Amino acid sequence: MSKRLLLVSWAMTWEKSAVYALTPTITSMFQANNISGVLTTVLSILQTVLQPMYSKLSDMTGRAEAYTISIVFFMVSFIIMACAQNYNTLIGGQVMYAFGFSGTLVLGPILIGGKMAMLILYCVIHYDVYVDMTDIVNRSMFLALYNFPTIINLFAASAAAQKILETNWRWGYAHVCIVMFVTSAPLIFGLWRIQRKAKQTNLLKTSNALPKSTYQRTLAGKVLWLCIEIDLVGSILLTAGLFLILLPLILANNWGGWGSSITIGTLCAGGGTWILFVIWEKMCAAKPIIPLTSWESKNPAWGVLVVFLIAIINNMMDFQYFLTYLQVTRRLTSQHATYLERGFNVTYVCLPLVIGYMMKHTRRWRPYVWIGASFAVLGPGLMIPARNSHSHDAFIVISQVIFGAATAFINYPILVGIQASVPPTDIAIVIALYEVGTSVAASIGTTIAGSVWNSILPGLFKKHVPGNYQYAKIVQSISYALALPEEQYQGVVVAYDVAMRLLGIIAVCIGALSFLASIPLKGFLLVNEKGHESSSQEDVNVKTLGEESVDEEIVISHTSEMPDKIPS
């Protein structure tokens, strides 16, 4: 089953790598390159709500059902985008894609770290031997291994995307449907088979199952129960608030400027929606979408905040506009520009294997977070001089590698640390909280980039681009910008350099905040003590070290959950 998970992971990273390389060129074809950040913002906002919903739905209905639904949405979305005739249709496909991608993204780690992973093992080995491959000590290593197939796609997908652009860009979206169907079919089939066998042997118990009496009531009663379980009202308010606040920051110039009635009205409505959201979550929601107050440890809150800030930097500096910047200022192909950016991805994929190995042998996770937080300041700091049209390509790669190391040192240890800081029954919730944090951060990061790009560039063009020019065409289409007379083209390059430098300064400030946010994290040693066959409950035994320990480390001992009797 782990091989099937890795296969789906490979397919998802292939899609991400290929579409990432395709997006600037495709948005240029639709004359919408300057607002391409809307695509990522829409996706990130929807992920914010959909990921915790999928987490809860998977607990209520089953992993197999939730995974199947998400894969269907995933494939349908790419059919829509492959048939798109305008940018609005592309955004519509992205909305559908959010429903599919969110499910596959959040359910993967749940299958690895939750009870379903142990259930899979029981069935795969026919209940003869118990092997817990996802204990807390080894979890970082396994999560790194789960994402390692990305390395295959980092360069191959970019090369494939370049060839697709030279023939028919629509196949860039269409082929993803085929790839996802072929790679996900074995996993879905296996999940359904295991889930059926588990129900037959009474191994699978759904704690949030709908009471039998409820099924005998009206359809309206069942719908109301489901809405309460997934906090539908809170989800709608959260989504609306993010859309109303973030989209105007990107589209203000298209709506007539910051003083237009549409922009002001949208921002005010967004503020009001956020107030309603807070009131609802605090006073009305039976099961809040983000249950921050349910744990004694503050590690989940601080850990998610650190990851949140790092994700803002990543999405602000590396998505959408960075490839456009490279292609315009250095006259690079989509493939070459993507290769320069890949220093981040290669480091982020390979380094976690080393980090996981060190965590396994040192039983510590917090020191690695501090190392990453230091790199989170250094990396963006180097990006300021590196992202200049006259700098060497190697300088760009070095800055990308350092920030990739920052993300690797932070994300994996924090994910393990916050899982170990909560009761085992809340692992799925804390993973969803982690994913919500990164999703909100992604929407904020792309919004900052889009806002800077669309708000500052008009003034920079007036200052640096001589003669008469058509601003809209330059920022909407890469090919049009490259075809400008040399003097005007050089002015565009200077304007892009200044805009990118400003983003770098903002990134350094956010990196400093992430370092400060990592300081309150409470460290502990990761110790896994496997129980015997009669163990029926996963206990957390907390012991403090001697008073001489400066960090006041906490030893958390996890006894793996096993059924009272293993079927023969």
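Glycine too: its Cβ is placed from the backbone N, Cα and C atoms.
TrEMBL annotations: computationally assigned, not manually curated.
Look at TrEMBL and you will find 66-87 (among others) tagged as transmembrane segment.
What TrEMBL records for 107-130 (among others) is transmembrane segment.
Here the transmembrane segment (142-161) has Cβ contacts under 8 Å with residues 5-7, 9-10, 13-14, 16-19, 21-22, 108-109, 112-113, 133-134, 172, 334-335, 338-339, 342, 345-346, 349-350, 352-353, 355-356, 412, 415-416 of the same chain, all six or more residues outside its ends. Taken from TrEMBL, the feature transmembrane segment covers 142-161 (among others).
Distant neighbours of the transmembrane segment (173-192): 1, 4-5, 7-8, 10-12, 14-15, 18-19, 63-64, 67-68, 71, 74-75, 78-79, 81-82, 93, 104, 164; these residues of the same chain sit at least 6 beyond its ends, with a Cβ under 8 Å from one of its Cβ atoms. Marked as transmembrane segment by TrEMBL: 173-192 (among others).
Feature annotation from TrEMBL assigns transmembrane segment to 223-251 (among others).
If you look at the transmembrane segment (257-280), the same-chain residues 6 or more away from its ends with a CB under 8 A from one of its CBs are 233-234, 237-238, 240-245, 247-248. The transmembrane segment annotation in TrEMBL covers 257-280 (among others).
Beyond the ends of the transmembrane segment (301-323), by six or more residues, the same chain brings 20-21, 23-24, 36-37, 39-40, 44, 292, 334, 337-338, 341, 344, 369, 372-373, 376, 380, 383, 400, 403, 406-407, 410-411, 414-415, 417-418, 421, 433-434, 437-438, 440-442, 444-446, 448-450, 453, 503-504, 506-507, 510-511, 513-514, 517-518, 520-521 to within a C-beta distance below 8 angstroms of the stretch. For 301-323 (among others), the entry in TrEMBL reads transmembrane segment.
Distant neighbours of the transmembrane segment (343-359): 17, 137-138, 140-145, 147-148, 150-151, 154, 314, 318, 365, 368, 396-401, 403-405, 407-409, 411-413, 416, 526; these residues of the same chain sit at least 6 beyond its ends, with a Cβ under 8 Å from one of its Cβ atoms. Residues annotated as transmembrane segment in TrEMBL: 343-359 (among others).
Annotation comment: TrEMBL describes 368-388 (among others) as transmembrane segment.
What TrEMBL records for 394-415 (among others) is transmembrane segment.
According to TrEMBL, the feature transmembrane segment maps to 427-453 (among others).
Residues or ranges marked as transmembrane segment in TrEMBL: 498-521 (among others).
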Please indicate, using numbers and ranges, the residues of the same chain that are 6 or more beyond the transmembrane segment (498-521) and have a C-beta under 8 Å from a C-beta there.
298-299, 302-303, 305-306, 309-310, 312-313, 316-317, 325, 366, 369-370, 373-374, 376-377, 379-381, 383-384, 387-388, 406, 410, 414, 417, 448-449, 452-453, 456-457, 460, 464
